[in-house]
Amino acid sequence: MSSAAECVPRRWLAAGRASRSLVLVVVFVALLLDNMLLTVVVPIVPTFLYTTEYEGVNTSVAPVQTEPAPPALRAPPFSSMFSYFDNTTVTVSGSTSTRELVNGTESSPTSQPPTTSPPQLSGCPEGEEFLAEENVRVGLLFASKALVQLVVNPSVGLLTNRIGYHIPMFIGFLIMFLSTTMFAFSGTYTWLFIARALQGIGSSFSSVAGLGMLASVYTEDTERGNAMGIALGGLALGVLIGAPFGSLMYEFVGKSSPFLVLAFLALLDGALQLCILQPSKICPESTKGTPVFTLLRDPYILIAAGALCFSNMGVAMLEPTLPIWMMQTMCSPKWQLGMAFLPASISYLIGTNLFGILANKMGRWLCSLIGMALVGISLLCVPLAKNIYGLIGPNGGLGFAIGMVDSSMMPIMGYLVDLRHTSVYGNVYAIADVAFCVGFAIGPSTGGAVVRAVGFPWLLTIIGVINMAYAPLCWYLRNPPGREEKIAILSQECPLQTKGYSTQTTRRHSPLADHSDAEAENAE
């Protein structure tokens, strides 16, 4: 009886390890947590640095300005002003009953109305120069993750070709857990910078190994597109939850609380990986993958990577600059800084899941072209907002458009390798992740400097025009040519792999595919 009971968990684990759906769940959760950590810091870091560095310095200097008044006449700080013109002390704030007589002259609170108080009473932060410099510093901190990931990605692609996807995926979890814990207890800019850079290493392992694993498990093109859409839904959900979750927890609980919650969820993800992926097992690829530099010379892969880069560069520029712009122009409280990204996150979640299926029918090249044009239009509309409600439309359109591009380009990357190179996916998804990283490295690092030089509206105008100008290049992905020997291999092994992304169906019913179907029937 006991032996039968012990066999049940083993059978469940064996079935789980053979299930493609559970592999998709593991990748979904890994991307979810990675992108929650990516965006949870967006509303926290600007206000945390402003509170600790600007307000902390000013409050420590203020008490040494004047000598305290005697206890009987003591009023709130900065409550009186002495005039050498008529030897009177004018009360500008404090108790309404306060009256002082200096040399026989009476003064009352009504002589200086409190309506002339500085603008910080309305919620706007002080220190315009500090905020301008903080744009650059926050941008560099956000970009550090992408810069590190950009350097590490090619090495992870080579590593997955040699030892498989399972061990790199688990290494990514370990590094992400360490980074999340560092964020929770870091109190200075330097330690926050180190934690963000460390996150880039973990994200590189998780994303490259996870997407490569999905491409190797889902070999049929339509299924691969659907699976990529679901996996990117995890990315979208992480972006959706991260910024609002971070702003609310920081406002009402404390800085460390959102990171401790994410650290606990990361432990659960590690337990799931141990059960499903067997990270101690080395599973090298049976065939040698195409080198990264060979893939980088493929113009069609470069076009797809460029679409991923420029479409995501827009939201990457918004992450460090939009919260500070809202603090300056809208006097927004802390919780609104993260909620401003909520429409973009929701629409991105809808877009990735919707166009993971629709893009295959309407043509992935066309879906990407429309998406990039919509990215440009949405970015041009963001500076027109006068309050947080005015950001709903532009940010919603931006997220939906990026979802269209991502859910179309990720399957195309795998398809191009199948069609033109060796069907080993670690290197091509390392390139796809590099494209993301270039966008998220250039965007935040240059965005703050551009805002300081020409202003926030011109920053978004520049990147919006770049997206609209790049969009027509997606037309070249309509029917990418394949190598003849590669098409022959694909048509014999998996006929559905060679279908194009256009709305025409002539390619799907090519004689080569029909011949391979006949061979399959004869084999049966």
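Each Cβ is built from the backbone N, Cα and C atoms, and glycine gets one as well.
A TrEMBL annotation is a machine prediction, not a hand-curated record.
Copied from TrEMBL, the annotated features are:
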- 21-45: transmembrane segment (TRANSMEM)
- 72-482: domain 'Major facilitator superfamily (MFS) profile' (DOMAIN)
- 96-126: region 'Disordered' (REGION)
- 171-194: transmembrane segment (TRANSMEM)
- 200-218: transmembrane segment (TRANSMEM)
- 230-253: transmembrane segment (TRANSMEM)
- 259-279: transmembrane segment (TRANSMEM)
- 300-318: transmembrane segment (TRANSMEM)
- 338-358: transmembrane segment (TRANSMEM)
- 365-385: transmembrane segment (TRANSMEM)
- 397-417: transmembrane segment (TRANSMEM)
- 424-443: transmembrane segment (TRANSMEM)
- 455-477: transmembrane segment (TRANSMEM)
- 500-524: region 'Disordered' (REGION)
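Between the transmembrane segment (21-45) and the transmembrane segment (338-358), three or more CB pairs separated by 6 or more residues in sequence fall under 8 Å, so the two stretches touch. For the transmembrane segment (397-417), the residues of the chain that approach it from at least six positions outside its boundaries are 211, 215, 221, 224-225, 228-229, 232, 235-236, 290, 295, 298, 300-301, 304-305, 307-308, 311-312, 314-315, 318, 343-356, 359-360, 364-365, 367-368, 370-375, 377-379, 381-382, 423-425, 428-429, 431-432, 477, 480, 497, 501, judged by C-beta separation under 8 angstroms. For the domain 'Major facilitator superfamily (MFS) profile' (72-482), the model's average pLDDT works out to 79. Below 8 angstroms of C-beta separation, residues 20, 23-24, 26-27, 30-31, 34, 38, 144-149, 152-153, 156-157, 160, 165-166, 168-169, 171-176, 178-179, 224, 226-228, 231, 410, 414, 425-426, 429-430, 432-433, 436-437 of the same chain, each at least six residues beyond the ends of the transmembrane segment (200-218), sit close to that stretch. Among residues of the same chain six or more beyond the transmembrane segment (300-318), those with a C-beta under 8 A of the stretch's C-beta atoms are 142, 146, 341, 344, 368, 371-372, 375, 378-379, 382, 398-399, 401-402, 405-406, 409-410, 412-413, 416, 420, 428, 431-432, 434-436, 438-440, 442-444, 446-447, 459-460, 463-464, 466-467, 470, 473-474, 476-477, 480. Beyond the transmembrane segment (424-443), the same-chain residues lying 6 or more positions past its ends with a Cβ under 8 Å from any Cβ of the stretch are 142-143, 145-147, 149-150, 153-154, 156-161, 165, 200, 204, 207-209, 211-212, 215-216, 285, 287-292, 295-296, 301, 304-306, 308-317, 319, 409-410, 413-414, 416-417, 463.
Relative to the transmembrane segment (338-358), the listed stretch 365-385 leads the set 259-279, 365-385, 455-477 in CB pairs under 8 A. Below 8 angstroms of C-beta separation, residues 30, 33-34, 37, 41, 45, 49, 52-53, 137, 140-141, 144, 201-207, 209, 255-256, 259-260, 262-263, 266-267, 269-270, 273 of the same chain, each at least six residues beyond the ends of the transmembrane segment (171-194), sit close to that stretch.
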